[in-house]
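K.L.:
Structure incoming, see below.
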Amino acid sequence: MNRFIIADATKCIGCRTCEVACAVSHHENQDCAALSPDEFISRIRVIKDHCWTTAVACHQCEDAPCANVCPVDAISREHGHIFVEQTRCIGCKSCMLACPFGAMEVVSSRKKARAIKCDLCWHRETGPACVEACPTKALQCMDVEKVQRHRLRQQPV
């Protein structure tokens, strides 16, 4: 089942708590104080306009453009999400250019460039850290069935 994170711009206050939670959950010690600026890598991004703020994350597309353009097949669907195999990634940025949502990022380090994106915190039993940390509950982890149920509740009788 295709799961993804959806952001409600009417609830987002732009606090970036989701970014911190994401970076910490993907760091080996999971300790905010232990993160250096080079290690602070969030897979979700808060974007701001003069009238609104919202979070942007991978939409876990069924026919993912990022996976389709990867020249080394480093991007595939695993564990119910689009996954980047870091050992295969060559950091070419093709995936970043192909993503219609701007959810792919290529991060350079001293060793090599690598593509990163939301993996729905597959390593956490409780689900995505950003969803859990959001103080206004602007983020939700959804699947197609949840979206359909939500739409049915919103339709007038």
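Backbone N, Cα and C define each Cβ position, glycine as well.
These came from Swiss-Prot, pasted as-is:
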DOMAIN    2-32  domain '4Fe-4S ferredoxin-type 1'
BINDING   Cys12, Cys15, Cys18, Cys134  [4Fe-4S] cluster 1 binding site
BINDING   Cys22, Cys118, Cys121, Cys130  [4Fe-4S] cluster 2 binding site
DOMAIN    48-80  domain '4Fe-4S ferredoxin-type 2'
BINDING   Cys58, Cys61, Cys66, Cys99  [4Fe-4S] cluster 3 binding site
BINDING   Cys70, Cys89, Cys92, Cys95  [4Fe-4S] cluster 4 binding site
DOMAIN    80-109  domain '4Fe-4S ferredoxin-type 3'
DOMAIN    112-144  domain '4Fe-4S ferredoxin-type 4'
K.L.:
Counting only residues 6 or more past its boundaries, what in the same chain has a CB within less than 8 Å of a CB in the domain '4Fe-4S ferredoxin-type 1' (2-32)?
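P.N.:
Residues packing against the domain '4Fe-4S ferredoxin-type 1' (2-32) from afar: 39-46, 48, 52-62, 80-81, 118, 120-121, 123-124, 128-144, 147.
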K.L.:
Cys95 ([4Fe-4S] cluster 4 binding site): which of the binding-site residues Cys66, Cys118, Cys121, Cys130 have a C-alpha within 10 angstroms of it?
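P.N.:
Passing the 10 Å Cα cut: Cys66.
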K.L.:
Nearest to Cys92 ([4Fe-4S] cluster 4 binding site) in three-dimensional space, by Cα, is which of the binding-site residues Cys15, Cys61, Cys99, Cys118, Cys121?
P.N.:
Cys99
K.L.:
Given the binding-site residues Cys12, Cys95, and counting only Cβ atoms in the protein chains shown, which has the most within 10 Å of its Cβ?
P.N.:
Cys95
K.L.:
Going by DSSP, is Cys95 ([4Fe-4S] cluster 4 binding site) sitting in a helix, a strand, or coil?
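P.N.:
Where Cys95 ([4Fe-4S] cluster 4 binding site) sits, the three-state DSSP reduction gives helix.
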K.L.:
Which has the fewest other CB atoms in a 10 Å radius around its CB: Cys70, Cys92, Cys130, the listed binding-site residues?
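P.N.:
Result for the binding-site residues Cys70, Cys92, Cys130: minimum number of other Cβ atoms within 10 Å at Cys92.
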K.L.:
Cα-Cα, whole number of Å: Cys61 ([4Fe-4S] cluster 3 binding site) versus Cys18 ([4Fe-4S] cluster 1 binding site)?
P.N.:
21
K.L.:
By DSSP, how many residues in the domain '4Fe-4S ferredoxin-type 2' (48-80) are helix, how many strand, and how many coil?
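P.N.:
So the counts come to 5 helix, 9 strand, 19 coil.
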K.L.:
List the residues in the vicinity of the [4Fe-4S] cluster 2 site, defined as same-chain residues other than Cys22, Cys118, Cys121, Cys130 with C-beta within 8 angstroms of the site's C-beta centre.
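P.N.:
Neighbours found: Ile5, Cys18, Ala21, Ser25, His26, Ser42, Arg43, Ile44, Ala57, Asp119, Leu120, Pro128, Ala129, Val131.
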K.L.:
Count, for each of the binding-site residues Cys15, Cys18, Cys66, Cys89, Cys99, the other C-beta atoms lying within 10 angstroms of its own C-beta, and report the residue with the smallest count.
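P.N.:
Minimum Cβ neighbour count within 10 Å, taken over the binding-site residues Cys15, Cys18, Cys66, Cys89, Cys99, occurs at Cys15.
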